[in-house]
């Protein structure tokens, strides 16, 4: 997996970017699609169920494993039962011994790591795609915890084909050992995050977007494996900078303001100093201060308990080389 | 209520309650009631005692719809008189407690008006829910609210259907009023939804104050949408949903649904059409909480009700 650092390529294939040659990778044959990592994010749940009903296990050169990540949470239609499954995949948590007091989701994380990983090993699936929904107005996002050419090309491909909604890339930049989410288990991985959709609701338009994203990923994999060269280029990505919490009552910790109507539903619209961000219950406006940044996950339901009203990101341009499959 | 010179007389509405958190994850009501419990100045009116109240505190704490059973279906005669105390489901205990404080349901001691604050994931805008077409006091209040917020819209849903009607928390009062504002995801607080609900309540309380001061409200007509039928998702033999609300119907609350119009879409893109005999007005389209109640949407029929003139007795 290649990492990007200030425009340098540090994967041993050498050469500054402007002299980048086509990079070759082994075929991406084993593809895992996971849904229901959060039990109330329905697109992934129904996508996985449909694929299992249709017995979709192989499409051309790609063998597909579909997994319902958190069945107990899915049955209860809750995000999780004891702890957030999608925070359980750090190296430390995956190597901790299981005891009687280990929460259900951590046990599931160990099971998923055994089935689709182990994380960091040769046996791990080649590509893991985890399906999520958000209550925020984010359209279709691909979330990368680290960058590599394979996932960037998949993003570029999907972005070129889907025109009904904005398709964006979010980079969280976390070292592999600290990467806490499910897609870190695969050799390559990313999450689809599609919204807005309320928890527990299945919207046809949102489901169809997720389905299209998955179908295009499979399409790309087939083309890649069969020898197509994918032209490199540049894409814009949003890189996580920081989180902003709600104003809270100092005595009770209860929130004291709502996301301002001018920020609500305006994910990825540049926030400038002086722009309104919160409207208090007594009518005062709180304004953004500091750097110009891009808000995302604006008013995500699950983040109230994580003390986040929205995240802020910088926009960066990522340059990547052409790639094709390594021929034996 | 008595009649005199074609005016229906109602006793002064002295005791008014505002319920929030009947469903613990419907955040506008939870937030408003918590605010007003700290400082109730905004909801006080002359000659009215207004009590804001959180009906389901355990559900609010867990940010979940309910703990054991839906509180807003729990106010049946059987539940209200059930023995068993602490062994009863939490919400049944709560229903009995609420009936003690604000009722008893059906008695002269019951509160005059209860406003029950709800949110929905459906695109229903501001909706007032009426339980009886013969409650002229409520009809006049709803007419007043609609005129006060115009050109913004506030529609009236009438649920008087003998089979589909249910025993709500607000049914403890003489004049139960449901406020349903959406779309808002469960567990999320949207500023515009919160402020819209706040404005409706303001006008509702203004109406009560005017009524209590002796204002007479002349006869009026009120357009209502009367609940007709509950439509479930298509399901397979195991009860799993096999189709989604069609994109054409999604978010189309209150828009006419005609026979032959798209209604559901299967996961591989096929359309299932509405097969009713006439045009209906669907609402509660794709409400999160209704998947377990086997309801994709509810059909309604438009009707115009006539409200008598009213004044205080």
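Cβ atoms are placed via backbone N, Cα and C, with glycine included.
Curation plays no part in TrEMBL annotations; they are all automatic predictions.
Since the structure is predicted, the reported quantities are computational estimates derived from the model, not experimental observations.
Now, the feature entries from TrEMBL:
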- B:180: active site, proton donor/acceptor (ACT_SITE)
- B:23, B:26, B:118: Zn(2+) binding site (BINDING)
- B:65, B:180, B:290: N-acetyl-L-aspartate binding site (BINDING)
- B:72, B:73, B:166, B:167, B:168, B:169, B:170: substrate binding site (BINDING)
- B:13-208: domain 'Succinylglutamate desuccinylase/Aspartoacylase catalytic' (DOMAIN)
- B:221-301: domain 'AstE/AspA barrel-sandwich hybrid' (DOMAIN)
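Shown on the structure are the features that TrEMBL records.
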residue : record                             : CB count, 10 Å
B:23    : Zn(2+) binding site                : 27
B:26    : Zn(2+) binding site                : 29
B:65    : N-acetyl-L-aspartate binding site  : 20
B:73    : substrate binding site             : 16
B:118   : Zn(2+) binding site                : 25
B:167   : substrate binding site             : 19
B:168   : substrate binding site             : 23
B:169   : substrate binding site             : 28
B:180   : active site, proton donor/acceptor : 23
B:290   : N-acetyl-L-aspartate binding site  : 22
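Averaged across the domain 'AstE/AspA barrel-sandwich hybrid' (B:221-301), pLDDT for the predicted model comes to 97. Look at the domain 'AstE/AspA barrel-sandwich hybrid' (B:221-301): DSSP puts its residues at 3 helix, 34 strand, 44 coil. In this structure, the binding-site residues under consideration are B:72, B:166, B:170, and the one with the smallest number of other Cβ atoms within 10 Å of its Cβ is B:166. For the recorded positions B:65, B:166, B:180, a Cα to Cα distance of within 10 angstroms from residue B:23 (Zn(2+) binding site) holds for B:65. Closest by Cα distance to residue B:180 (active site, proton donor/acceptor), from the binding-site residues B:118, B:166, B:168, B:169, is B:118.
Per the record's binding annotation for N-acetyl-L-aspartate, residues B:65, B:180, B:290 show a top Cα-Cα distance of 15 Å. For residue B:65 (N-acetyl-L-aspartate binding site), none of the binding-site residues have C-alpha atoms inside a 10 Å radius of its own C-alpha, out of B:73, B:118, B:167, B:168. In the three-state DSSP reading, residue B:169 (substrate binding site) counts as helix. A strand conformation is recorded for residue B:180 (active site, proton donor/acceptor) in the three-state DSSP classification.
Across the fold, the C-alpha of residue B:26 (Zn(2+) binding site) and the C-alpha of residue B:72 (substrate binding site) stand 13 Å from each other. Across the fold, the C-alpha of residue B:170 (substrate binding site) and the C-alpha of residue B:290 (N-acetyl-L-aspartate binding site) stand 20 Å from each other.
Largest CA to CA distance in the substrate binding set (B:72, B:73, B:166, B:167, B:168, B:169, B:170): 11 Å, whole number.
Residue B:168 (substrate binding site) and residue B:118 (Zn(2+) binding site) have their C-alpha atoms 12 Å apart, to the nearest angstrom.
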